[in-house]
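Pulled from TrEMBL:
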| type | residues | note |
| --- | --- | --- |
| REGION | 1-67 | region 'Disordered' |
| REGION | 80-109 | region 'Disordered' |
Amino acid sequence: MQEEFEKAMEQERQKGENERRSKEKLERELEEKQRQLKKQQEQLDNERKEEAERRSKEDAERKEEERKKLELLQKELEKEREALQKSKIDEEARKRKKENIERHGGKIS
């Protein structure tokens, strides 16, 4: 009977040990999964940050290109204004010259 009792106690001890090992294994697996999830979350966060930085850089480049285009358009517009002003001045000068010639009795060909 003592032998049966000792055998039963040993079985209970082994059962308890197996349960403890099983629990420890599950805890290690859970910790590993949590580390992996944390690592994945950090990677996603980094990717989002990089994407935001890339978009920001692209926006800045696009704005700079637009600024340069506007600057060129402004320069072209200024040249056209100057040409128009010169044309008006030339037209006024021709008109005065014609009036002066007509006043003095000359003809314009």
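Glycine is no exception: its Cβ is also placed from the backbone N, Cα and C atoms.
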Within the region 'Disordered' (1-67), how many residues are helix, strand or coil going by DSSP?
66 helix, 0 strand, 1 coil
If you run through the region 'Disordered' (80-109) with DSSP, how many residues end up as helix, strand and coil?
24 helix, 0 strand, 6 coil
